[in-house]
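What follows is a short report on a single structure.
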Amino acid sequence: MEKIIVRGGKQLNGSVKMEGAKNAVLPVIAATLLASKGTSVLKNVPNLSDVFTINEVLKYLNADVSFVNDEVTVDATGEITSDAPFEYVRKMRASIVVMGPLLARTGSARVALPGGCAIGSRPVDLHLKGFEAMGAVVKIENGYIEATAEKLVGAKVYLDFPSVGATQNIMMAATLAEGTTVIENVAREPEIVDLANFLNQMGARVIGAGTEVIRIEGVKELTATEHSIIPDRIEAGTFMIAAAITGGNVLIEDAVPEHISSLIAKLEEMGVQIIEEENGIRVIGPDKLKAVDVKTMPHPGFPTDMQSQMMVIQMLSEGTSIMTETVFENRFMHVEEMRRMNADMKIEGHSVIISGPAKLQGAEVAATDLRAAAALILAGLVADGYTQVTELKYLDRGYNNFHGKLQALGADVERVDDSKVDVTNLASLF
């Protein structure tokens with residue numbers, strides 16, 4: 001079994017370059033299915049297990065896909081099938097984003113109910129509501145969602161919650177629909193804007209991405225194009241916190257301040273120095289951190305994908321902090337693992353009461369989801385002694401070479417196979 005071992009106490013310094021955004025690249029890869037002409041070329045693609053998974057889904061659907069270095073090419077000009085099987089979709093909830101493109105391109109879609117991180121209920125109802133509004137017949141049978149439509153027709157769709165996945169799926173389906181589709185109360189994340197830009201480069205007519213209302217005028221066909229994926233704001237935020245908690249001085253290259261303004265505001269409240277530079281964001285950690293309360297919200301609010309990492313810096317701050325989760329239920333499973341490291345945390349409903357500053361102690365802990373994996377490694381950076389983090393399958397879904405990037409900044413961190421390493425003598429690793 002692989003694990004990451006961290007010896008706490010090192011200050012991080014230097015620079016680290018961000019990769020393409022996981023949450024942007026997956027829907028963009030799915031959107032290549034809409035192109036009936038040409039070959040799509042996607043650049044700045046991160047080397048993540050989720051990317052390999054969605055590439056496999058597209059291959060199964062009869063697209064020709066290659067992934068070399070940071071570039072994915074997709075030729076979807078052949079006869080695309082419409083059945084995305086459980087063996088792939090179970091690995092990753094985001095696989096459902098192929099449903100909109102399949103429905104638009106082939107008139108039908110059969111996609112297994114999704115899997116992925118176990119962080120509460122993320123119902124697909126909003127996706128299906130949009131498809132039905134455009135004229136699709138939808139049914140759920142034997143663990144599969146089946147949708148068919150002789151033709152999709154533009155419609156007005158109101159989302160009860162600004163779901164990122166539903167916004168993306170309905171937006172993609174609407175690109176080839178007859179007439180105009182208006183989606184209200186949509187997600188406004190930067191990843192939505194990136195997808196809209198890609199669709200428009202293909203010949204779609206998408207207006208309003210980044211606002212609360214998106215308008216799509218359907219076209220007859222889309223043509224493949226070249227596109228570079230935006231930098232990953234969650235990876236950037238994770239490294240910003242790593243720099244802050246270690247009292248370091250780190251330049252986060254390619255980070256876009258406008259994409260993480262809520263995180264920047266909270267870190268500055270805590271006493272962290274944030275400097276916007278020409279090629280990124282510099283973070284300088286303070287001697288003492290001030291306690292702040294945080295509530296996750298849809299963008300432009302504080303991102304739920306930064307919740308567990310933010311809790312690490314909250315538990316190191318002086319005083320009492322509160323973290324409130326409003327986007328997903330059951331996203332506090334990492335709290336028990338952090339308590340093993342001597343964090344003083346108490347769950348009360350949708351909030352966690354955090355008393356600090358904690359004197360963290362190294363322990364063996366298990367990641368419970370993707371962002372929790374990163375958070376536990378961050379905690380290890382400032383814990384006394386050695387922290388061993390297992391269940392790295394979660395980490396690999398969203399971070400490429402996380403330990404290597406931390407090493408380059410000066411952290412004592414190693415990724416090891418414990419069947420080949422004497423974990424009873426951890427000092428020998430460093």
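Please read every residue number as a count from 1 along the shown chain.
Cβ coordinates are placed from backbone N, Cα and C, and glycine is handled just like the others.
Here is what Swiss-Prot records for this protein:
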type: BINDING; residues: LYS22, ASN23; note: phosphoenolpyruvate binding site
type: BINDING; residues: ARG93, ARG122, PRO123, VAL124, ASP125, LEU126, ASP305, VAL327; note: UDP-N-acetyl-alpha-D-glucosamine binding site
type: ACT_SITE; residues: CYS117; note: active site, proton donor
type: MOD_RES; residues: CYS117; note: 2-(S-cysteinyl)pyruvic acid O-phosphothioketal
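Feature annotations (Swiss-Prot) mapped to structure.
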residue : record                                        : DSSP class
LYS22   : phosphoenolpyruvate binding site              : helix
ARG93   : UDP-N-acetyl-alpha-D-glucosamine binding site : helix
VAL124  : UDP-N-acetyl-alpha-D-glucosamine binding site : coil
ASP305  : UDP-N-acetyl-alpha-D-glucosamine binding site : helix
VAL327  : UDP-N-acetyl-alpha-D-glucosamine binding site : coil
Long-range neighbours only, meaning 6 or more apart in sequence with Cβ under 8 Å: which ones does LYS22 (phosphoenolpyruvate binding site) have? PRO46, LEU48, ASP50, VAL51, ASP232, ILE234, GLU235, ARG397, GLY398
As a test of the contact definition, list every same-chain residue at least 6 positions from VAL327 (UDP-N-acetyl-alpha-D-glucosamine binding site) whose Cβ is closer than 8 Å to its Cβ. THR296, MET297, PRO298, THR304
C-alpha of LEU126 (UDP-N-acetyl-alpha-D-glucosamine binding site) to C-alpha of ASN23 (phosphoenolpyruvate binding site): distance in Å? 18
Identify which of the binding-site residues ASN23, ARG93, VAL124, ASP125 has its Cβ surrounded by the largest number of other Cβ atoms within 10 Å, counting every protein chain shown. ASN23
Counting only residues 6+ apart in the same chain, whose Cβ is under 8 Å from the Cβ of ASP305 (UDP-N-acetyl-alpha-D-glucosamine binding site)? ASN23, ILE234, ARG371
Neighbour count, 10 Å Cβ-Cβ cut-off, for LEU126 (UDP-N-acetyl-alpha-D-glucosamine binding site): what number do you get? 21
